[in-house]
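> From Swiss-Prot, here are the annotated features:
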REGION    1-115  region 'Essential for enzyme activity'
REGION    1-125  region 'Required for binding to sulfatide and phosphoinositides'
DOMAIN    128-278  domain 'DAGKc'
BINDING   138-140, 170-174, Glu202, 239-241, Arg304, Arg310, 502-504  ATP binding site
BINDING   Gly195, Gly196, Asp197, Gly198  substrate binding site
ACT_SITE  Asp197  active site, proton donor/acceptor
MOD_RES   Ser340  phosphoserine
MOD_RES   Ser408  phosphoserine
Amino acid sequence: MGAMGAAEPLHSVLWVKRRRCAVSLEPARALLRWWRSPEPGPSAPGADARSVLVSEIIAVEEKDDCEKHASSGRWHKMENPFAFTVHRVKRVRHHRWKWARVTFWSADEQLCHLWLQTLRGLLESLTSRPKHLLVFINPFGGKGQGKRIYEKTVAPLFTLASITTEIIITEHANQAKETLYEINTDSYDGIVCVGGDGMFSEVLHGVIGRTQQSAGIDPNHPRAVLVPSTLRIGIIPAGSTDCVCYSTVGTNDAETSALHIIIGDSLAIDVSSVHYHNTLLRYSVSLLGYGFYGDLIKDSEKKRWMGLVRYDFSGLKTFLSHQYYEGTLSFLPAQHTVGSPRDNKPCRAGCFVCRQSKQQLEEEEKKALYGLENAEEMEEWQVTCGKFLAINATNMSCACPRSPGGLSPFAHLGDGSSDLILIRKCSRFNFLRFLIRHTNQEDQFDFTFVEVYRVKKFHFTSKHVEDEDNDSKEQEKQKFGKICKDRPSCTCSASRSSWNCDGEVMHSPAIEVRVHCQLVRLFARGIEEES
């Protein structure tokens with residue numbers, strides 16, 4: 001809060017909507033309050049008292065002219081009224097925020113000026129607020145409304161908050177990523193992306209890649225310790241999927257996201273690096289899915305002409321195909337975290353699990369640095385293999401309007417782990433039951449064919465790679481293929497799936513995944529508990 005605690009408390013009687021109100025500002029609590037005060041003297045706040053945290057005030061404006069309100073007789077007795085307007089955050093239902101304002105009036109010009117200067121001084125002391133932002137707008141994503149959403153909803157709020165911007169409307173894929181590699185980002189307080197999860201992924205890769213490049217880190221090395229970026233990323237949802245925004249804010253509302261950016265919220269989230277043969281393939285923050293979700297996204301890419309309905313169509317087609325895939329998974333359980341995938345403790349703003357897990361990881365890193373012990377060598381990898389309908393790794397709940405709980409309702413945003421969900425081969429009916437549970441309050445992990453682990457690393461190799469690496473299995477493969485050929489009704493998987501990496505198709509028969517704890521920061525605070 002900076003110098004906030006040094007300011008003196010203010011108590012005055014002002015007018016709000018033609019009603020006399022007692023108004024107080026308590027810098028120590030960073031709180032502005034007002035309540036009705038029928039009598040001129042001091043009064044205690046009642047049930048009708050309103051308040052706003054100074055940190056959630058957007059701006060304070062001087063009001064020069066007297067608005068033509070339908071006034072009471074008392075109002076007409078006030079000569080030459082002066083006023084100031086406080087623009088603030090107002091919470092509404094379902095985690096949405098709205099811009100609201102309240103105007104305070106007084107006949108005393110000096111009193112109004114004192115309030116104006118005091119509030120502005122407190123706002124200037126909030127050093128976490130951005131002043132200059134670089135904005136990338138995807139005009140093609142979702143329903144093609146990105147530019148309109150920014151101009152109509154976001155830009156006026158940024159102007160009100162005295163935030164200056166440089167805007168780039170992207171014209172081709174990966175333009176945002178390429179731009180962030182090329183330009184000097186030192187003059188910006190953050191990067192804002194207007195679009196869906198694909199647009200966010202571009203900015204994420206650009207920010208992480210540029211940071212590692214500047215630090216001299218080779219991101220292709222699977223064991224490289226990546227350097228966190230100081231640049232925060234803001235997401236204005238305007239895409240076909242807004243999973244990251246929904247999971248970190250609680251809604252996919254553009255105005256809500258803009259207000260989180262304005263007040264300078266900051267939330268550190270985990271990022272997974274995905275490698276194959278010492279080559280970085282991609283980074284992931286939400287879903288890394290093989291099998292069902294991989295096939296779904298691959299099929300939907302061929303049907304972009306269908307618009308958003310392509311996801312429903314491809315989902316139904318993939319479900320009916322009921323394809324399963326064979327492979328081997330090895331994973332390192334996340335011993336450092338205090339939570340588990342089925343503990344009924346969702347990640348919320350100011351999350352205790354994320355704080356404690358981060359501290360525990362830092363302690364482990366210190367011990368390894370001084371050679372006291374290597375936690376990874378002491379922990380045991382677990383190995384499992386079989387036939388899977390889906391393999392999902394989630395760094396967050398992956399919640400969305402259709403699935404408010406998400407793929408893993410109790411996954412955490414910054415605990416340095418990923419929830420690894422294995423859906424083994426089962427009947428089509430049972431798989432449907434599993435999918436339906438994502439839309440209600442029932443436990444989707446409560447099936448014999450579903451396993452879930454909280455991990456910090458995992459490797460996957462498809463059966464095809466294993467067979468290719470082992471020449472001695474060639475005859476067995478031919479025998480396996482002959483059996484399938486002789487029995488057309490056989491549903492054995494003869495192909496390999498693709499990966500769904502945050503909504504993008506990724507082709508790799510084997511991958512190595514590592515979670516990097518709280519690697520990037522967003523203009524968000526996590527989902528708040530609703531009263």
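Cβ from N, Cα, C; glycine included.
Help me picture where these features are in the structure shown.
Mean pLDDT of the predicted structure over the region 'Essential for enzyme activity' (1-115): 82.
Sequence-distant neighbours of Gly239 (ATP binding site) (same chain, 6+ apart, CB under 8 A from its CB) are Asn138, Gly141, Gly142, Gly146, Gly195, Gly196, Asp197, Gly198, Met199. Reduced to three states, the DSSP call for Gly239 (ATP binding site) is coil.
The local packing around Asp197 (substrate binding site), expressed as other Cβ atoms within 10 Å of its Cβ over all shown chains, amounts to 26.
With a cut-off of 8 Å between CB atoms and residues at least 6 apart in sequence, the same chain places Phe410, Arg454 near Ser340 (phosphoserine), listed in sequence order.
In the three-state DSSP scheme, Ser408 (phosphoserine) falls into the coil class. Note on Ser408 (phosphoserine): other Cβ atoms within 10 Å of its Cβ, all shown chains, come to 27.
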> C-alpha of Ser408 (phosphoserine) to C-alpha of Thr170 (ATP binding site): distance in Å?
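Taking the Cα atoms only, Ser408 (phosphoserine) lies 33 Å from Thr170 (ATP binding site).
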> DSSP secondary structure for Asn138 (ATP binding site), reduced to helix/strand/coil, please.
coil
> For the recorded substrate site formed by Gly195, Gly196, Asp197, Gly198, which further same-chain residues have Cβ atoms within 8 Å of the site's Cβ center?
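Counting only non-site residues, the set is Asn138, Gly141, Gly142, Cys193, Met199, Phe200, Ser201, Gly239, Ser240, Thr241, Asp242, Gly503.
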> Output, ordered by sequence, the same-chain residues six or more apart from Ala173 (ATP binding site) with a CB under 8 Å from its CB, or 'none'.
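The list for Ala173 (ATP binding site) reads Glu202, given in order along the sequence.
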> Using all protein chains in view, find how many other C-beta atoms are within 10 Å of the C-beta of Thr170 (ATP binding site).
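Here the count is 23.
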